[in-house]
Structures are given as C-alpha cells and as structure tokens.
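Over in TrEMBL, the protein carries these features:
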{"type": "DISULFID", "residues": "C318-C351", "note": "disulfide bond"}
{"type": "DOMAIN", "residues": "85-388", "note": "domain 'Peptidase A1'"}
{"type": "SIGNAL", "residues": "1-19", "note": "signal peptide"}
Amino acid sequence: MVGSKTVISALALSALAAAAPAPTKTTQFSINQVAVKKPAVHPAAKYAKALAKYGATVPDYVASAAASSQSGSATNTPIDGDEEYVTPVTAGDSTLNLDFDTGSADLWVYTSSTDGAPSDANYYTPSADAKKLSGYTWSISYGDGSSASGDVYKDTVVVGGVTATAQAVEAAETVSSEFSEDTGSDGLLGLAYSSINQVEPIAQKTFYFNVIDSLETPVFAVTLKHNEPGTYDFGFIDSSKYTGDLTYADINTSEGYWLFDVDGYSVEGGSSSSDSFEAIADTGTTLLMLSDDVVKAYYDQVSSAKHSILEGGYVFDCDATLPDLSLTINGYTATVPAEYLNYASVSDSLCYGGLQSAGLLGLNILGDVFLKSQYVVFNGEDNKIGFAPQA
Ligand SMILES: *[C@@H]1O[C@H](CO)[C@@H](O)[C@H](O)[C@H]1NC(C)=O
C-alpha cells in the first residue's frame, strides 16, 4: 500500500510539474505603507475593535466611550484626526489600500455594489480573467455585532514585486454599519495561517501562502513605525532594519495565529515575572493587550493611572512619566519604550494607555504598540517568528 501511494504521488507531482513550471525562487521586495487620513475617534474604539475581533462581547462602558464625541489625538502628532497606515495592492483591475493583518486570513474588499460600503473607499473591480467561484461564500462576524459577507473570486493580486495569479479575493456583498463608518482602508489583506480563512465550503490560501514558493527566503518581515508609515519585506530579511541578532520562537499553529510563548515580563522600576504565557503577533490590532496581572504591574508604576469607566480603559495624566515594558522571548528582551505606551490623549490632561487588559479575551495580543519597537520576521515554512530591536 505504501508503495502504490508513493507511485500515485510521484505521478501527481510530475503532472503538476508539467502543468506549471517550478517557481523561480528569486522574488524579494519591500513595500511601504502609506498614510491615509481618518476621522479622529476616541482611542477606546481601538480597544473595542480588538475585543470584537477576537470574539469578546464589548462591554457597554467600552462601547459608549468608543462612540463618545471626544476625539483622541495621537500623542506627539499635533494633527487634526488620526492617520492610518495602509498598503497599496493591485487586485484585479483596481488599486486598493489594504490593511495588512497578521491576525486574520481573508483578503476582503468592497465593490461598487457592496451594501453599506464606506462612500470614500476604492472599490474592487474583477479583471476580465477573474473567475467567480460558484457556490463559495464568506462571512465574518465580530463580538460587537459587526459583520461582513459576500462572494469569492479567483483573481490576480500584485503586492510589490510578486503576483498571485489565483488569489481568493472576497468581495463584500453586505457590510454592517460599523464598517461604513470605518473609513481609511479599502479592505483587509490577512497574513495569518490559511487554516482560519473564512471562505466556505473550502478555506482559501492567504496571499503569503500562495506566493511562498516563489520567495527567495520563505518569509515576510514587518517594520511598523511610530507616527510614520512602515514597511513589509517579502522574501528576504533586511539586516539594515535591525540591530544585533534575530531571536526566534516556535509558532504554535493550532489556532491559525502567529501564536508563541513569551517567557515573562518586566516593568522598568517595577515588578517582573518569569511565568510564561502565549501571545499572538497582530499587525491588525493597534494596542498591546496583556493579562490583568501584567497590566496591573505596569500601571502600579504610574501614580495617576486608573481604570476609567468613562474613558473605556486605563488612562493617566498626560504628563506622567511612564516606565518601559519588556517581554522576554526565548531569552531575548524586547523592550517597548514608554513613549509608545502613551497612546493618545482623551482630554487636555488625560491620556489613554497603549497597554490595555486582555482579560476579556484570554488571549494576549501583541499589537502595533508592541510591534513598532521590533523588526519581526514571520516564517510560515519553518513556523517560527523572529524578533530584534529596530535599527
Ligand atoms: C498550542 O496552543 C493551544 C491554544 O492556546 C494550546 O491549547 C496548546 O497547548 C498549545 N500547544 C503547545 C504545544 O504549546
């Protein structure tokens, strides 16, 4: 039996090889994010969005703070309104600014007929060669009641220097009102494992896993920046973007996320722990969300810090001196500078923390506040993630 199986797979392989030439593993490129303006929102909206994304019910006090008229303005950037960083992508006949999201696995976009699409979004137009997958649908619903669903195309998607010729592009037929208000990006490009792709009846591959065999090195690397657009490197590791050596941790792929062990934490001038916990690296979440014991240990070092029902999370005096926060990953100490942990002001004197509680989730999320301090290498062939301080 083993013998005949081997014969079949060898035949299948040679058939495949005849149909498609082996990809040349030469592709490597960088693609820069671009800044787009968004209406300013209260920073609790970022917290609510993360809770909802990972299936938690958003508490009423967080939802009402998120919806309050008081707008947040990112600290150190005296501009009217928030900026969001998105990445330009060609999908079919359209150029779209997508939110690259390592915490999900769907490439979904608006079309001119999407019910509820933001009016200022760029819409996906399938190319002449696009194939609509008959009987395939997708649907995503979040813990705040927001949802999106629609049809699935196979189409050409180009990111930087690489083309996926049969990428599943999920065209929204309907999106709930939460999305209509969430202007800035034209959709999402998921970079988690394909196992959590939401297309039915058969989950589809993400862009990264579609092109992985053509990449010179089977990785993508993320350099998110504080108050400026960052970069995604595909197919290579750019040693000019970090200092020292990369330290790798093994990915636990069971949940489809970039999930790995953190071996402990320390708060500058405060307590530390070497109890390990699992966390995911998520470019699609703004804040750093950790368990209540870490959050408490951190804000114990900030005398004005308090958990505010009115503001929907931890806040402190904007002129407070914050400590750095370090996480230990396989012996490496990744330090988030205090500056990044002062996320945004909510009034003349109060600021909203970049670190908030993951207690409602049971899942620790290393979002942008953490990732901005690191050069992060995502390797989906060897299932590992690498970290080093940004240069
Ligand atoms: C992988 O993650 C799941 C979910 O957190 C956990 O239940 C499981 O024990 C983990 N496996 C290993 C080998 O760490």
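Quick reminder: no glycine exception, Cβ is built from N, Cα and C everywhere.
Remember, TrEMBL labels are computer predictions, not curated facts.
Sparsest Cβ environment among the disulfide-bonded residues C318, C351 (other Cβ atoms counted within 10 Å): C318.
Confidence over the domain 'Peptidase A1' (85-388), given as mean pLDDT on the 0 to 100 scale, stands at 96.
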